[in-house]
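Quick look at what TrEMBL lists:
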- 40-133: domain 'WSC' (DOMAIN)
- 145-243: domain 'WSC' (DOMAIN)
- 362-454: domain 'WSC' (DOMAIN)
- 645-737: domain 'WSC' (DOMAIN)
- 771-866: domain 'WSC' (DOMAIN)
- 884-1008: domain 'WSC' (DOMAIN)
- 278-346: region 'Disordered' (REGION)
- 461-634: region 'Disordered' (REGION)
- 1-23: signal peptide (SIGNAL)
Amino acid sequence: MLRICRFALGAVYLIPFLSPSNALIIEKRSLVIPSTLPGTWQSQGCYVDVPGRTLTGGGYSDNNLMTDEACISYCQNNGFIYAGTEYSSQCYCGVALTSGAGPATSTDCNMPCTGNTTEACGGPNRLNLFWSGTSGPQTNPGPGLWNFVGCYAEGTNGRALPNMMGTTGGSGALTVSLCTSACQAAGYVLAGVEYSGECYCANTVQNGGILAPDGMVGCNYLCNGNKSEFCGGASRLNMYDYNHAVSLPPYTTVTSTSATATSTSSSIPALVSLSSSSLSTSSSRSTTTSSQTSSSSSLASSSSHSVSSSHSTTCTNSHPTSSSMSSSTSSSSPSPTSTSSSTTSISAPVVQTLSHKATIGAYSFMGCYSEATGQRALTGKSSYDYPAMTIEECFADCTGFTYFGVEYGGECYCGNSINAGSVIENIGDCSFLCPGNNFEYCGAGNRLEMYQLAPKVLTSSSSSSSSSSVLPISTSSTVSSASTSSSRTVTSTSSSASSSTTSVSSSRSTTSSSLSSSSGSTSATSSSSTSSHTTTSSGFSSSSHSCTSTKSSQTSLSSSTLSSLSTTTSKISTSSSLSSTTSSSTSTSSSINTPSSPSTLSTSSSISTTSSSSFKSSTSSITSTSTSSSATASPTLGHKPVVGAFTYQGCYSEATNSRALTGLASYDYPAMTLEECAADCAAFIYFGVEYGGECYCGNTLQAGSVPAPLTDCNFICPGNPYEYCGAGSRLEMYKNSAAPSSPTATGSSVTSATLVTPTPPSVSSSAPIGNFTYQGCYIDGVNGRILSHQQPDNQQLTQKSCVALCAAAGYTIAGVEYAVQCFCDTAIYNGGALDPNQADCTTPCSGNSKEMCGGPNGRMGLYAIGTPNVYVPPSIQKTGLPTNWTFSGCLQDNIPSNEDPNEILNTFPYMVWNNATSNTPAACIAMCQKFGYNAAGLEYGSECFCGDVENIQVASSPGVQADPRTTQYYTRSRVPQLVDESLCNSPCSGDPTKLCGSGNLMSYYTWNSTSPLYSFGFPTGNAAGEYSLLIGGVTVPLMTAQVVTGKVTFTEKYGTQESNGTGAYELDLSEIGNFTAAWRALTGLQTDVFCSAGLILPDKAGRQLTIGGWFGESNFGVRLFTPDGSAGVPGTSKWEEDPGALSLQLPRWYPSALTMANGSLLIVGGEVASNAAEQPTLEILPATGVPDPNTISGYSNTTVYLDFLDRTAPFNLYPFICVLPTGGIFIAYYNEARILDEHTFQTIKTLPNMPGSVNNPLAGRTYQLEGTMVLLPQYGPYTDNLRVLICGGSTAVGDDGDPIDNCISTAPEDPNPVWTIERMPSRRVMSCMAGLPDGTYLILNGAQHGKAGFGLGASPNYNAVLYDPAKPVNQRMSIMSNTTVARLYHSEAIVLLDGRVLVSGSDPSGDYSDPVDSFPEEYRVEVFTPPYLLSGLPQPTFSVSSTDWDYAENVTISVTSGSTANLRVSMLGAVVSTHGNNMGQRTLFPTVTCTDQTCVFTAPPNAHVCPPGWYMLFILDGPTPSVGQFVRIGKDPASIGNWPQNIPGIVPPGID
């Protein structure tokens, strides 16, 4: 899943009319509501979709298949009780209706559904609303003996429950029951669920965890695995106690204590309320008397949380606390007794409300932005997290970029510039909730929640009419002092005055659509205190106070009783449509009645405010005796009325052909504030802040600078999130209060008679810089960037530094733009042209204000060596393509699936790259062709996709959950269509003269040749082979082998056997019809064989060896089994093991084993213990060191360190190893391969890295990414170099993985080995491969998603594939029959003597209990019968003169049935198979000659061609093999038959 499908609003409805001659007039058919709805769902009629959305739980859009029923199904499946359709194609869901939503006229819902034009799907801002008839999500009271004990806040010093617990299915499937079960299984009695998908356990509540002060309000996140119940919230745990094992305080759904001083009531503004709840909190003020005062303020809000709070004051806090609720607070009534110091104790809880987050780190919210024209708005980097995206996650991903934006709920984009056509839109458009935090917005369809690090002019027009003041930041009826940054120290002292009347004025800025507010002009006072304040953007203030109090002072007023206070507030308001050109000014008055005792009230002796049309000033009188003033109010975002000696004049445009202020300029993009600019401009009459980080000073306003709509100035100051710092071509304008009255911009500038205008900086853009000469001011961005290679933004940029940077990189053109941007190239692209007005390049360079570095609105100052070439705007590349490729059209991408409309399927399944600098049709096509794909698609300019033409009809999209109840394979809801190719209009990032698709549209190229890139065989009937059940099992094996007696051994990890099982069994294939006689339990194992290695030894008994294992003694395990008995005759032998006497030198889990040419046993790699460190060594058995009683093995350490295994951990376990015919050991691990000297084990050749998948070169082939390797047939006289074949594997992506759909092969002994890539028909990880007697190989088992391990594989691959190396490359694979049994982790496949393939095992969960949310542990044993046994031809029979051969010995066989005309002989090495690694596998075809029914061949010539050991011998009459016989070749050169010696209970068979 890469992106959610984009959509366009609206629909065109064509009404046909008959000609006037027709008597019957055909009218438009009335739209209907479906008469039958799913389940208990009911229509609620046509509803108004209020600003911020009536339904806020998210949704989707579908331009082709939207219906009311589809929307209801989607919402119901995601746990919502309301569903609504709108604008024909949109679906929204929710668990409650936003406040203010109500019925609309039924005719308003007049737009037909895109999927059924007879149904109504809402209208513009109108929903066809449906209700499930049920209540919303509930708190689970507790499964079984578990009991819900409350909503807990996380601890202050760590987790309340410190033990994070993994649950079945992972975070995406979490339910309360899964968490409590996991905690109970781990021995804990407390369980807690949090953030929808996290589970924690403990036996006590730790680290200061307490019942949440806000009661149940914060525990409102829906469980990922069950949307009908809650799983905690942000730093909130739904806590459960097992059987009342822990004594915990009782909880209530409402937290309340009595207020001893002040009660305030406020309606907290929020765009949506998921539940209507009441919250009451209180704290007591330190006073000697406690008379109560009450005031109430109501703010316009779409939710109805009622909050009551009272605050006390203390002055020393050791940790951040929430100091101010975003609500109106009344004055309190403390004792008149004052002390020499005061403190502030803050206890009001923070109530989270849904909002557009104002700041995150150093980034500030810019507003809701559209995508750019023909490309993405931000093209620097992208990431996707549909289940859990948050603003914070995207912020972290985009560190180092100037901008980031979140779109479609789960998509994150980064960039250093905003591309042309991306403009600010209505804030209500960004309505998708972040899936990882339901209190944040994450954009919407084609809408980005946009944030900026260093605000600068955008590539689109900057003078937008929308305003970022629509942030839903709560305001307080008590006006606040000037807000301060977190690093600023503020010292304030109270003043003493005596007067009968104090004039108080305050100003408040609000917008009717957002409730945002500016700070008032009154200021809170304290007694000589110094505070370091940290402010947050949510309307709350978090502080870490360190206060020194010297002496309290009081303001003495004239009356003995302060009976009334009348304040008149100056208010700035803007219309909710944000389209007015000026702000209307209103004056409001509120009356506060206070008791006779002194009140905490901020006053000033006399403040009057003079304003432009955006302000009114007013004063009010206070008649009182005395007050003590100490209240501090919350800072709020607003246009600041006064900054030092400067007063606000409004939002101003730049002047005509010049800057509005030309006296002085400074830049501070990371930390600009109004105060900083005021300080820089202290000697001037005016200052203005623009683009967030630019400060300009002047004594006059230049002609053409005029007042603009206040909402145009919407860039938040990077150094203070509560101030505005202008916008693109808009200045936040201030005037020194000592200067003449407000400026008026006319045809001439406004001048001052008292100050001298400084000389403006000189501009020298035309001076040559080295070999580069100035080419003029160019227009950038009309058809895309005119220079392609953008350098990092530079806050110290000069013309010279940009030219030097480009010259050093080999470019001949340099361009400067927007003060800080530098671009390089060797030509001008996209039809770049000179600006007719060369004076447009007037932006001073950030590193030298005397130079100009481009200008606003895409103006670039350009330098070049000589006259640059200019290329026309880009076009679709149709000629000059790689051979046999052709352009096939503009093709749709990103279609919703049938199974889940939120699961968006790519047309071509593999996204090769998102390359912002190098994407071209040729590069993309070359990559697709290399990996065998016959279709290539390029999108968004920078993206390359590969797939097959067939993918247009059939999606390739396996599921991602290892739970059989979830979707395992997705299908597309409609077939992607070709559209007008002019819509594919995004320039390619690697060649701006070419076009590479557009949003959700691909420039589509196909292979066009009579010779296909690949060709799969599709046999049918018997030619496809056949799966069948062999026998019911008694074990879930992880290791299988057919031993020399013809019986099959099975070993399993400890704990998966039945309660009376032994963990090891033997199957007699001759007794399949008699279950009891067929199975024999094998005893003797003393340690756990879990993930060990195995071999059939070359001794005369053909013993089976397992080495290594899981944890402790098992890690060192050496175990032996001597086969006995025969067909129908039970054996009596058992496994032999003595951990104290026979062991490895070093611990090994997941090692590999090999019989070397000299007959010794090579053991390689593994892990030190269970999920522990790598074991990057090899050792030899029998041990070659001298006896040493101080070691575990009893011998001195002779292991060899392998640095390459150490370096490539952890995905190199179970490495593939084999003996090479020319000598040496081949080893393949992770994505590397090499040859080792067989004596010193030093590297003698390093091969090229193994190719991975088309979209990930670092994909791997060995465990845990688990593919499988076989050796391809060797043919007598064995002069050709050996080839190895490796199929499948996966990628390393956390606990996830994207399996590989190819096989690779090479000849390691070639002078310059090259890997050949061959397509497989499907993805496969945990694959198995069995070599067949006819020289073909059967590929089977595994998964199409994930990687090896318990619970990590999904979408079982039920299909078998036959690989025939005798056919041409990329024509070797045939798609065979399917099984119905999922064979995942710990499944195996081995060839039998009768020519069939035995298929066994599958242990995907690691639990014998067979949980319902996992594929089952598999006991059934199947066989795959290849087509050569289904042809109806009889199997030949033979006898052999000897079954124990020397090398190069002539062997005679007598063919007792069958023809010898085309007879072949094959030998297959005896294998022990585990984890897809067939240890001992080898296939040889000796040269044979026949006379009549007697045939003679020569045994392999040496131990490198054919290592000593046991082999299955077959003869083939045409395609049909005989039943095989075991023979031994090369005897026992290392005398393994005498090993081990003198260990009671282990009896070696001896040697000949």
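Numbers run from 1 along the shown chain.
Glycine is no exception: its Cβ is also placed from the backbone N, Cα and C atoms.
Note: TrEMBL annotation is automatic and uncurated.
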The domain 'WSC' (884-1008) versus listed stretches 40-133, 145-243, 771-866: most Cβ pairs under 8 Å: 40-133
The domain 'WSC' (362-454): DSSP-derived helix, strand, coil residue counts: 10 helix, 38 strand, 45 coil
For the domain 'WSC' (645-737), the number of residues DSSP places in helix, strand and coil: 10 helix, 38 strand, 45 coil
Secondary structure tally of the domain 'WSC' (145-243) (DSSP, helix then strand then coil): 13 helix, 37 strand, 49 coil
Local confidence of the domain 'WSC' (362-454) - pLDDT mean: 85
For the domain 'WSC' (771-866), the number of residues DSSP places in helix, strand and coil: 13 helix, 37 strand, 46 coil
